[in-house]
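> This is the structure I have questions about; it appears just below.
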Amino acid sequence: MVPLRSFVLLNGLFFVLLAARTVVTRVIDKDNLDGILETQDGQNLSKEPFNLEETYTADFLAYTFNGTWTSDTTIVYTDTMTGDILQFDVIKQRLTVIVDSSVMDDYIVTHYALSPKGRFLLIGYDFQKGFRHSKFMRYVIYDIELGGYDKIANGMHIALAKWAPLTDDLIYILDNDIYYMRFSNNGFNDVQRVTYDGIVGIVYNGVPDWVYEEEVFHGSSAIWFSPDGSHLAYASFDDRNVQEILYLHYGEPGNLVDQYPTEVKIKYPKAGTSNPVVSLTLVDLHDPTLNKIDLKAPIEVVGTDNVLSNVQWKDFDHVIAMWSNRVQNKTEIVWYNKYGEIVKTLDVVEHEGWVEIKNLFFYKDFVYMRKLQPSGTKAGRFHHVTRYDYTLRSSPIQMDLTPGITEVQDIRAIDHSHGRIYYLATGPGEPSQRNLYSVPVDGSEKPTCISCNVLTPEGNACTYADAIFSPFGQHYVLICQGPDPMIVGIFDNTHKKVYSWENNLSLRSKLARRELPLVKDLYVRANGYESKVRLFLPHNFDESKSYPMLVNVYAGPNTAKIIDVASYGYHAYMTTNRSVIYAYIDGRGSSNKGSKMLFEIYRKLGTVEVEDQISVTRKLQEMFPWIDSKRTGVWGWSYGGFCSAMILAKDLTSVFKCGIAVAPVSSWIYYDSIYTERYMGLPTPEDNLGGYNGTDVSRRVEDIRGKKFMLIHGSGDDNVHYQQSLALAKALEKADIMFEQITYTDEAHALFGVLPHLYHTMDRFWSDCFSLSHAH
């Protein structure tokens, strides 16, 4: 389960705008920018509140970086005005047209990729959706040098096509089998089939099945090239023993083609049931026989029912795999040579919770990883950049390079020429922030914050950043996402800004004409911990008045609602238009505050995080007379929908009057195995069946009686199945408890096709609950 914010951009918008502006509009127009900021400061414009329709449209989306580094000095991207594929030289600040848009005129292009040598253009078209990340497309290859087109797989829909590094060779996957395509100098290609046992929907080679795509790889690829492209590691998933989820697709109303509903079947392992059998294979692509080598899992450590959590290449000769036991509290990092022999291992065991390891980085005789380390405080351990000596020895020496109460969220790059490692982390004691830091690879100096010195056009220091480094770390794109609208710049490795890519002048101009909510951050002590709270207040807030409050909850393990990203979605509408206080609460189980608070949720989902939402809300009502305790509601989506329903079921003192659960989990026995067992263990009497039963909302419906409750779900949800809401609805109906229910026919988890109806439905619900006038 991925927090909805991961695919909902700016709170309520369920698509990602991939396009960026043309080169002309990326250049900073200082006069325009100064004029916009002067207008904001001078309050010269009449300002309007946000309207509901802007919650689900692209009106207040920020443009971001849409390029790809192809060398340490060049970026390739699409000019959205002309459709040309351009190359930008960041040193010379010069544009070159690589491919004219006319090359793609005959196709509705949804994907393209240049080959590493720049001769061929891979063009994907005729898109068909797979799961969350996967898609099926037809592909052609355009020969830029000779001008011809070549269909891949005779124009059939394929699941994946990817260029090999350094060469003009290609891997593609058709019907869950892997094919290797090589091109000669005259443009002709030769195709070899690598695997022969793929079965659509059952046995997957090189692409993940549903649960691995959703919960492990968070993407649609399960192939890993060696750095020179000569070898390929690929994962296979055998789902023959995995049980199926079945739901009906009803189709278009009145369409004779849909006279009978269509059955949709997906292999979907639920908690405690059979998982896919995963294997990892290595093949030498330059061997005419394509001989395969099995990279065996360390079953003596992780067991036979294991999870392949990550794969990467260390160098030309070694591939690394991370294998976990089924419940994911033990991980073995294994180094294999090209003959399939295990040459090194590293164990990571977590006794208080679960193991979470991301990519490793290498420098000389050391490996760098993100790992929990003691902080010397009551907060427990934090994820830090940790250096290991991976030379052969019985007990590798480790060094914590980033000590203290700072949470490293990801390692981004190593600059080998300067001996520094770059990473994203919170500031000390600032869990809502994320900045780019660097530290020497030997730990000889304290970390330095790189992005903290970047100022937004409004004059504020950047407090939430991301970075995309060039292949060898000589340049990087710095994306400042908050506290103000996004800015994007290109920097060299001395941190000198060499180009301003995007300043979002249009968005800033529109915001100058809008009322913005006031923001109040505070900590509230409840249940032995300090929970962080962010309140969005109406722009014309008056302490002498009383306002309804709406708590928006997610509260999934290791997530945070409160982050310093500038966004203008549903909360902006509710505060400026409906005069409702909008609240986020990050309590126990949330990220960035140390292992003690994080692991409080372990093996007991639906308990401590729910209790904190209730307790903190009660304290807020007691602290601030301007919060109307008789007009307080809660809503959430996915895990947040589960929490919304559980909050109403556990709220015995009427802290909340009403709530909405969108696409909720109602019982963890219905959700997928890899996510659920990571946090809950197994639903068996020997393990944690009692924990599962105790967190089943359908077993606790009696205390929802008397509260306004709305249950919303799409019948085509392949992630949190409609079964979850139907089970909860059945329990409510059996108990004769009144509630409202909305079913969105054939809609998936994001309800993308019905957003206007969804938000208008919720608006009417809050109007009734909070005694507001109905919006027009």
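Backbone N, Cα and C define each Cβ position, glycine as well.
Quick paste from Swiss-Prot:
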type	residues	note
SIGNAL	1-19	signal peptide
CARBOHYD	N44	N-linked glycosylation site
CARBOHYD	N66	N-linked glycosylation site
CARBOHYD	N329	N-linked glycosylation site
DISULFID	C449-C452	disulfide bond
DISULFID	C462-C480	disulfide bond
CARBOHYD	N504	N-linked glycosylation site
CARBOHYD	N577	N-linked glycosylation site
ACT_SITE	S638	active site, charge relay system
DISULFID	C658-C769	disulfide bond
CARBOHYD	N693	N-linked glycosylation site
ACT_SITE	D717	active site, charge relay system
ACT_SITE	H749	active site, charge relay system
> Find the shortest Cα-Cα separation between D717 (active site, charge relay system) and the recorded positions N66, S638, N693, and name the residue that gives it.
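Sorting the recorded positions by distance from D717 (active site, charge relay system), the top entry is S638.
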> Whose Cβ, among the disulfide-bonded residues C480, C658, C769, has more other Cβ atoms within 10 Å than any of the rest?
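Comparing the disulfide-bonded residues C480, C658, C769, the most crowded Cβ belongs to C480.
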> Starting from each candidate's C-beta and looking 10 angstroms out, tell me which of the disulfide-bonded residues C449, C452, C462 has the most other C-beta atoms.
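That would be C462, with the highest Cβ count within 10 Å.
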> If you measure C449 (disulfide bond) to C462 (disulfide bond) at Cα, how many Å is it?
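Between the Cα atoms of C449 (disulfide bond) and C462 (disulfide bond), the distance comes to 11 Å.
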> Taking Cα-Cα distance, which of the recorded positions N66, C480, N577, C769 are within 10 Å of S638 (active site, charge relay system)?
none
> Do you know offhand how many angstrom separate N577 (N-linked glycosylation site) and C769 (disulfide bond) by C-alpha?
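That separation, Cα to Cα, works out to 16 Å.
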> Mind checking which of N66, N504, S638, N693 has the fewest other CB atoms within 10 A of its CB? They're the recorded positions.
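Output over recorded positions N66, N504, S638, N693: least Cβ neighbours within 10 Å is N693.
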> Consider the recorded positions N329, C462, C480, N504, C769 and say which one has the Cα lying nearest the Cα of N693 (N-linked glycosylation site).
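Nearest listed residue in space: N329.
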> Looking at the recorded positions N66, C462, C480, H749, whose Cα is closest in space to that of C658 (disulfide bond)?
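The smallest Cα gap between C658 (disulfide bond) and any of the recorded positions is with H749.
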> Once the DSSP letters are reduced so that anything not helix or strand counts as coil, what is C462 (disulfide bond)?
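In the DSSP reduction, C462 (disulfide bond) maps to coil.
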> Can you count the other CB atoms that lie within 10 A of the CB of D717 (active site, charge relay system)?
22
> If we check Cα distances from N504 (N-linked glycosylation site), which of the recorded positions N66, N329, C462, C480, C769 wins as closest?
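Out of the listed candidates, the nearest Cα belongs to C480.
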> Give the number of CB atoms, excluding that of N329 (N-linked glycosylation site) itself, located within 10 Å of its CB.
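19, counting other Cβ atoms within 10 Å of N329 (N-linked glycosylation site).
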